[in-house]
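Trainee: Annotated Zn(2+) binding site per TrEMBL: A:92, A:95, A:132, A:135, in sequence order.
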DNA sequence: TCTTGACTTAGACAGAGTCCAATGTAGGAT
DNA sequence: ATCCTACATTGGACTCTGTCTAAGTCAAGA
C-alpha cells in the first residue's frame, strides 16, 4: 500500500502520520471495514487519531478513486481498498461476511435499452446474497 | 392497494387508519420513498400519525414480503411496494431518481462456482447507475 | 356493548456521519 | 536549519436515521 501513499503524494497529498495509518489499515484483500473499525484499528497504531480524521481521510480516498464505498445493508458504509480491479460483492445473509467476486460477462449489457428510460448507464453494483460455509455448517 | 389490505387482514392484521394511509401512500409504480417521506405523505392524510408507527408498519410490510427495502446510497432506506414482480433498480447518480428495471437473463448464474467461496447463493441485488435524461439535459 | 390484547404515541435514546473553531504541522521558502 | 503558512487534525456539538419504551387507545370478537 506504500505505492498508494507515493501516488497520493504525487497528487499533492500531505503525508501525515494519520493518513499513513489509515492507508496501512486498509491494506489487504477482502478488506471491508466500517469507518469505526478503521478508526479502532488505526488507533491501535496511533492512539490519538480522531474519528473526524478517519472520516475525512476515507472520504478523500473515495473521491480520489483509491477506495470504494460499499453498502450491503442499511447500516454503516464499508470501505474497500480493492478499487483498481473491477469486482462485485458476495455477502452472507446471516453473519455479514463479504467477499470480492468477479462475475462473468458484461453486466451493464444485461439491461435492455428499452429498460433504460433514456439514462446513460455507466456502472452497475451487484450484491450476491447467500449463506457462507461457516453459517451453513452451524 | 386495497387488495393488499385485504390480504393482510386475512393474515390477522388489525386494520387501523394508520396502516391504511401508509398502504395508500405506497400505492403506485416506481415508488421508492424514504420512511420520512412516507411519514410526511401519510401525515397529509392523517395528521396525527407518528413516526414510530410509520417505521413499525413499514417494518411489518417488509417482514411480510409485501414491500422491499432498497438502499441505493448510504443514506435512508427506501421502500418499494413492487414486491411481487422481481426487478432491479436504475439510479441517477446526480439526482437520485430511481426506476424499476428488468435485466435480461439469470443474474445469479453470472457468478461462476469457483467465485462462490462455498456460499449457497440465493439472491442478487443489482443497482445500475447512470445519468437520467433530465440531469443530462440540465 | 364490553373486553382485551394488539396498536399507537411522544419522547428518550442510539448509531452513523458531518461540521466547526481552535490548534498543530508538513514541507516549501529562506 | 528555521520559519511560514496553508493544509490537516482535533474534540465536541450537531444532524439524520432509526429503535425502544411506557402509557394510553382502539379494532374486532364474545
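Yeah, the Cβs are placed from backbone N, Cα and C, and that goes for glycine too.
How about a rundown of where these features are and what they're close to?
Mentor: DSSP gives residue A:95 (Zn(2+) binding site) a coil state; it is part of no helix or strand. For residue A:95 (Zn(2+) binding site), the same-chain residues lying six or more positions away in sequence with a CB closer than 8 A to its CB are A:132, A:134, A:135.
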Trainee: Secondary structure at residue A:132 (Zn(2+) binding site) (DSSP, helix/strand/coil)?
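Mentor: Assignment for residue A:132 (Zn(2+) binding site) reads coil.
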Trainee: Among the binding-site residues A:92, A:95, A:132, A:135, which ones place their CB within a distance below 8 Å of a chain B CB?
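Mentor: Cβ contacts with B, in sequence order: A:92, A:132.
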Trainee: Could you tell me which of these binding-site residues, A:92, A:132, A:135, has the fewest other Cβ atoms within 10 Å of its Cβ?
Mentor: A:135
